[in-house]
Amino acid sequence: MTDTRRRVKVYTLNEDRQWDDRGTGHVSSAYVERLKGMSLLVRAESDGSLLLESKINPNTAYQKQQDTLIVWSEAENYDLALSFQEKAGCDEIWEKICQVQGKDPSVDITQELIDESEEERFDDMSSPGLELPPCELSRLEEVAELVASSLPSPLRREKLALALENEGYIRKLLELFRVCEDLENREGLHHLYDIIKGIFLLNRTALFEVMFSEECIMDVIGCLEFDPSLPQPRRHREFLTTTARFKEVIPISDPELRQKIHQTYRVQYIQDMVLPTPSVFEENMLSTLHSFIFFNKVEIVGMLQDDEKFLTELFAQLTDEATDDDKRHELVNFLKEFCAFSQTLQPQNRDAFFKTLSNMGILQALEVILGMDDVQVRGAATDIFSYLVEYNPSMVREFVMQESQQNDDDILLINLIIEHMICDTDPELGGAVQLMGLLRTLVDPENMLATANKTEKTEFLSFFYKHCMHVLSAPLLANTTEEKPSKDDFQTCQLLALIVELLTFCVEHHTYHIKNYIINKDILRRVLVLTASQHAFLALCALRFMRKIIGLKDEFYNRYIMRNFLFEPVVKAFLNNGSRYNLINSAIIEMFEYVRVEDVKSLTAHIIENYWKGLEDVDYVQTFKGLKLRYEQQRERQDNPKLDSMRSILRNHRFRRDARTLEDEEEMWFNTDEEDLEDGEAVVPPSDKMKNDEDLMDPISKFMERKKLKDSEEKEVLTGKASLSGRQSPSFKLSFSSSPKASLSSPPTASLHPGSPGSPSSPGTGARSSPPSAAVTTKGGLVGLVDYPDDDEEDEDEEDADSKEESPPLSKKSKLSS
């Protein structure tokens, strides 16, 4: 027993009534102790894993189809199939199944599950086999009634199928059909329609093989033309013999393959066009017909794939300049149908199929075809290209990068695709939408590979932006040279919307490539011209593009927007929209609201300083007033850097016990002996600390008023020379100005960061000569608020660290805002 005889594919039927390939392996039968019976075992040929372990159940109905298939149901709605490479292997396993069930191996079905009552079951089993009436014109009505009455009962269906098969009854019926048609016997033809339709519902492969044979299939189709419910018969045979004539674009040397193609086309036609739409109850009775077509297609693709001579000739003629247009049109359509057939294959089979086409040069052939003027040929080539991109985008990327080294940009495959998208003549741009989807798949980094030797993402995106992006953006740049789109018709706007949507996708998924392109080519300005379009969908596309850029919170983009005043067309579109409450209104408000909520300082300042006059009267939302408040708070912090320091002090008080990563200087500071600080030296002037806590509880608008009040109080205390407590020693005064400890206690970066707490030069703390008096004034207050003086030393240290971390970004943002 050779391996090939037992080599099988395991299939399961999914919810869509399509067969899923579960793998290839070798089948055997053996007794399985766990299952308590003889079982079918399939082990994968790749790794020996168990693909199938199925007990041969005495009550399960097994069917043998097309000599190499065994089909059965494991449970409700769970069908299995074994497809054998060789008929001999199928026969061996079939004999084993029949042996376990005690059946004759000559039958093609062992039994059917029965859902009738026990009484009906025993009546049927005890009755003799079903006897068919003589096949005569006068008995056709009786035959039709017999078929109709047998369909509800599984056992009667089985007996009817066996009788039809054993007596060669179908061929006799088809002879009567020819007689009735010659005699124009309409009543007999109607009975034959009912009989043949009923035979389809018997769901038997053996009967289908007779009906779909070369000598019978056209007569079967003829019987189904005479539907009693229609006043006139259909003309299916006329269509199949004249309109749908078979053309061998490349001669097929294998007669079996040619016959299989004919048969599959006609059976598919019967299923799709001839048979009436099955009812809910009839749908499951046609499962064998679905399986027949499916396995035929698998067989055809396999036979063509193995015929290297055929495929070599096909691609040679496709790319040959001497091939005339009609011939090339036929070749492309054949290749399209060939690829469509491959969609019935399972993933591993489809991989092998497309790998074969790739090795034969399918992408080179498509490049030639897409450069032709024939619209139909290009359309078919586009469909083939879509199959390839969906199957393996990396294969397509690798090809286009290789060809870029040899060809000009104009004839690159991707640029040809882009040009077809731009030149789509369909008013609804159906082809352009399809091609844009393919481009998106190709430039999507999510399906790009990264290996140790090369990064596909980097290489392909560099190629795309260098060789293809200018072709894609050409219609956009050509149409946005003025303040309004030069062409604003519906079809042009649809195309521009597709282009902008792809650019938006690039902004989201690409990094420096798209950033450099947008800034160097001033793409955002051009896109925002589209906000003046009369078509709202295009204006919204432009707004989405800008919103995606702002959402990145990238200062390169922000500076580009501010430098070129790119909020101007947005504000103009908002004001031109007036009081209309629509998507444009909402989209623009949401954009400004995002800037406010995310506190994008540079854009906030830019918007208020340049566009506030146009927006200040908008009061039906608080977005713009909120932006103005943000701006004023920002200016307040610039004018009073101490305000940021206050916030950091409160934050340090609240979170000072949290674990933090400290720099070396901070570690040294915390490791200093705390006794050195117990003599009254304060890390932060206590008066400042009290004042900070109090100020932050009040609105910022009252800050200056309170500051003046505090300053006046400090001056009064200084003038009055208030007495000091025991802890308020002269050394405390010196610690701020001249003692060696003062340099340790005061923030070491005070000169670099004027806004640091405790710095003598901090704005808003009074005159430059007043810090000692401030310290004297509020030392007593410090003792009342904080229990332990050494806590203050820790607080001051954390304030210093925080000011180091926060001050540089604040000063940078201030420069952007000014």
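Numbers here mean position along the shown chain, with the first residue as 1.
Backbone N, Cα and C define each Cβ position, glycine as well.
Since this is a predicted model, take the numbers as computed values, not measurements.
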From the candidates Ser712, Ser743, Ser769, Ser811, the one which Swiss-Prot records as phosphoserine
Ser769
Report which of Ser153, Ser746, Ser770 appears in Swiss-Prot with the annotation phosphoserine.
Ser770
Give the residue counts of the domain 'WH1' (1-100) per reduced DSSP state, in the order helix, strand, coil.
17 helix, 53 strand, 30 coil
Just to confirm my parser: what is the rounded mean pLDDT across the domain 'WH1' (1-100)?
83
